[in-house]
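Peer 1: Sharing a structure, written as structure tokens. Questions coming.
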Ligand SMILES: O=P(O)(O)OC[C@H]1O[C@H](OP(=O)(O)OP(=O)(O)O)[C@H](O)[C@@H]1O
Ligand SMILES: O=C(O)c1cc(=O)[nH]c(=O)[nH]1
């Protein structure tokens, strides 16, 4: 089994290669001006989504969490659960059911909000990032309504920054808040620390060091 650290390092390298990890000036969902951005939509080919899902699978296996199926919140969670379940079955020889939701209820044909294997047992939610925790809350609510049990959340990148309005009072990251609020572990393939190490060690990225350090000072949770 590949170590979590190696998985994180290789993931950051691959994200840079696919330009899914960019440096510059980006507005986040919370309205902050971030010196870096992670865009999972850049893993946009068979090769890259397959490789991405190997990082997810490694992180999931490494976590040791016992689960029965995976759930991907629309839209970006959809290719993530499909590719991860394929990779999981190839790497571990175990068939993992998956499910995902629609953003709007379908009122004709088979109808409904959920697609895929019926939600049951212990469910791991797979997504790209957590910003305010709204998507996590919605996924947990969907899963609980069916009687299934959300047991963990797996994301690609933990930005390790405080959530929008509770920043000053709680000094907890959005990821920590989700974990504490719902009592489930939140696992990430990599974190801002891994990105920061890369920026510190790569001479080509040296021009971004100061801005990232400043951003961390203001919003970061160490
Ligand atoms: O913690 P949050 O504040 O909910 O932010 C994180 C969520 O936001 C994005 O999805 P979005 O809801 O924008 O939908 P998309 O997958 O269709 O882009 C992202 O894929 C996460 O699911
Ligand atoms: O906070 C966000 O909106 C956000 C940050 C990030 O790095 N990637 C992303 O998809 N959203």
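Note that Cβ sites are derived from N, Cα and C of the backbone, with glycine treated the same way.
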Peer 1: Looking at TrEMBL, which one out of 84, 107, 131 binds orotate in the same site as 37, 38, 159?
Peer 2: 131
Peer 1: Go through 29, 76, 103, 108, the listed binding-site residues, and name the one with the sparsest Cβ surroundings, counting other Cβ atoms within 10 Å.
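Peer 2: Counting other Cβ atoms within 10 Å of each of the binding-site residues 29, 76, 103, 108 gives the minimum at 108.
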Peer 1: Filter the binding-site residues 108, 128, 134 down to those whose C-alpha lies within 10 angstroms of the C-alpha of residue 38 (orotate binding site); answer none if the list is empty.
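Peer 2: Checking each Cα against residue 38 (orotate binding site), the hits are 128.
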Peer 1: Which one is it: of the binding-site residues 37, 131, 159, whose Cα lies the shortest distance from the Cα of residue 29 (5-phospho-alpha-D-ribose 1-diphosphate binding site)?
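Peer 2: Going through 37, 131, 159 one by one, the Cα closest to that of residue 29 (5-phospho-alpha-D-ribose 1-diphosphate binding site) is 131.
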Peer 1: Within 10 angstroms of the C-beta of residue 134 (5-phospho-alpha-D-ribose 1-diphosphate binding site), what count of other C-beta atoms is obtained when all protein chains are considered?
Peer 2: 12
